[in-house]
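What follows is a single structure, written as structure tokens, with notes after it.
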């Protein structure tokens, strides 16, 4: 009895499936005829006429639970076997039905009820595992079809003037990110000296900027998936430009930190938005190469910052003051100049369009079609083919249930899964998806930790070598006695022990790295004396006269002052770069290290689509880790500079390929959120790398070398296990 009943149910179900499939094929044939008629009609109709039509004239399809499309007011009785069809102006009666204006690329929306192979929001899925698998396979096939359709549209639009315009505009935004990173290191010594920052507060500037960039990356990345790429990037770059400019004028260190933190918060949006934004205007064949070329602007930002620091900061004369309360030194001019790329990016972004992929995800088909037509027409005019018509008339869309889940999903969520168009692809949360996400996070963290850690360690080691060499040339004077002598020249790198100075005059002079120990100054006259790194230890001043000097209690360590007077002492922290070529040398070293990235950028751009993203990512990180072992032989400045250039040149390919993989791995509705999360990990690793590697300078070489090598090689091996995205279309 049960077997007979089950056979009967199976027969009925099979008959329904056959009938549904036959009706679907019949509807598609009708759809082709109607679409052809609509295309002929649209070719004779001006597009501007459609813009003047009222939105209420659009008629949408009402869908029944059995998967058959009905217009409002149509008979829904199927028992008499009648065939329902609408006239040519209203569309036909199935899921491929068109409505007035579909020639513009605006497909009809469902009302949220279920269709074949789809489940509406709030409706329970069948308990049958087989039906759930079929539903999932149908959804995957539909998403794949949409992705392939967009890929064909981008191929028809071509690659030309529009992409190159967007390339330079987004390049300016990415250049601003590179400038922001380098500004921190260049301004840090000057700002802390100018604002009299104690040793306990030193170093906060670098950490606070990276903290702002970390929060900004995650915030703006998640927001751009809900609000739009262009709008979020425009607002964030405006925030960065405003507070960067404002920070050059504030006087207090705490206010300066606050402005730089907000500046970092704004620029944190650059990387998470720029790469997805540009990738969504590129076809599959162009994506890897041109995203790699875009990475060059980060290097250009570093070169720009190094060159401007080299030209501006050491010129102490480029400053002015308004009394003793307001000082505007050369490093502040440098901060203003470094805000210019950001301001240029803001102006240029106002003329760009939003990503059509984002419009489609939000269901704004009119706007998406218009953007794609603009891309097509701009490129065709540049090719000398203005008469070529944009032939796309229909853009498929996600079902209403999936579209609603995208719009209503919470922001800053990394679900759904990455868009992998390979046999191992996943489109719903699963164990393999979380493995891929974890692997990607590990690669971002390890590469950032090793790169930023060594970026701090290299200059500090070079400075340590310079200090050792400088200390080896110190001049020591013991038991000297001078009477009625006038010092009107610079004293540098000297140590005076047990000296006696009687009736001597120190007039309009400078002391740089000079230390007096157990010395006596009797009836001496100090006028317009500036000291840099100089101390008086256990000295005695008898009837001495100080006028317009910066000698105060901080310089008199354990010294006695007897019957002496101080008049019009210099207040605040004194800055001077006169005859200080070490500042030039630091900026020049950074300039060389940044310039060494150029060959790696060119190689990665040319080979990205040939050898693959993962091979380049893993190979670059492993080679960078191996190159760290050669640091054992870095016993001189020239050798360390060479190793810095070699390391930067090898590691840049890993950065470029990682940016490309991350942009291709996530689906459109989570692409910027995922990129922002990874970039936030990058900044967290940068802070940890700065702290750990900076604390080991001058102590040991073994720990930084072994740590950097292990982290980079391990991250490179993990990167080889990431899903290959070279042949993927953006989902």
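A Cβ is built for glycine as well, from the same backbone N, Cα and C atoms used for every other residue.
Unlike curated entries, TrEMBL annotations are predicted automatically.
Not measured: the values here are computed from a predicted model.
Listed in TrEMBL:
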- 24-92: region 'Disordered' (REGION)
- 41-51: compositional bias 'Polar residues' (COMPBIAS)
- 59-68: compositional bias 'Basic and acidic residues' (COMPBIAS)
- 76-85: compositional bias 'Acidic residues' (COMPBIAS)
- 105-135: region 'Disordered' (REGION)
- 166-189: transmembrane segment (TRANSMEM)
- 201-220: transmembrane segment (TRANSMEM)
- 232-249: transmembrane segment (TRANSMEM)
- 255-279: transmembrane segment (TRANSMEM)
- 291-313: transmembrane segment (TRANSMEM)
- 333-352: transmembrane segment (TRANSMEM)
- 431-454: transmembrane segment (TRANSMEM)
- 475-566: domain 'SV2A/B/C luminal' (DOMAIN)
- 584-607: transmembrane segment (TRANSMEM)
- 614-633: transmembrane segment (TRANSMEM)
- 673-696: transmembrane segment (TRANSMEM)
- 702-722: transmembrane segment (TRANSMEM)
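When Cβ-Cβ distances under 8 Å to the transmembrane segment (166-189) are tallied for each of 232-249, 255-279, 584-607, 614-633, 702-722, the top count falls to 255-279. Tertiary proximity for the transmembrane segment (584-607) is limited to same-chain residues at least six positions away from its ends with a CB under 8 Å from its CB atoms, namely 182, 185-186, 289, 292-293, 295-296, 299, 302-303, 306-307, 309-310, 313-314, 458-459, 462-463, 466, 616, 620, 641, 644-646, 648-653, 656-657.
Here the domain 'SV2A/B/C luminal' (475-566) has, by DSSP, the following mix of helix, strand and coil residues: 0 helix, 59 strand, 33 coil.
The largest share of C-beta pairs under 8 angstroms with the transmembrane segment (291-313) comes from 333-352, of the ranges 232-249, 333-352, 614-633, 673-696, 702-722. Note on the transmembrane segment (255-279): residues 166-167, 170, 173-174, 176-177, 180, 184, 191, 195, 204-205, 208-221, 224, 229-230, 232-233, 236-244, 246-247, 287, 290-291, 294, 342, 355, 659-660, 662-664, 666, 671-672, 675-676, 678-680, 683, 730 of its chain, located 6 or more positions outside it, place their CB under 8 angstroms from a CB of the stretch. Long-range Cβ contacts of the transmembrane segment (614-633) within its own chain (Cβ-Cβ under 8 Å, at least 6 residues beyond either end) map to 443, 446-447, 450, 454, 600, 604, 607-608, 639-640, 643, 646-647, 650-654, 656-658, 661, 701, 704-705, 708-713, 715-717, 719-720, 722, 724. The highest tally of CB pairs under 8 A with the transmembrane segment (673-696), across 232-249, 333-352, 431-454, 702-722, is held by 431-454. 232-249 is the stretch from 232-249, 431-454, 702-722 with the greatest number of Cβ pairs below 8 Å to the transmembrane segment (333-352). Over the domain 'SV2A/B/C luminal' (475-566) the predicted model carries a mean pLDDT of 90. Panel annotation: around the transmembrane segment (702-722), residues 436, 439-440, 442-443, 445-447, 449-450, 453-454, 457, 614-615, 617-622, 624-626, 628-629, 631-632, 651, 654, 658, 661, 665, 692-693, 696 of the same chain, lying at least six beyond its termini, place a Cβ under 8 Å from a Cβ of the stretch.
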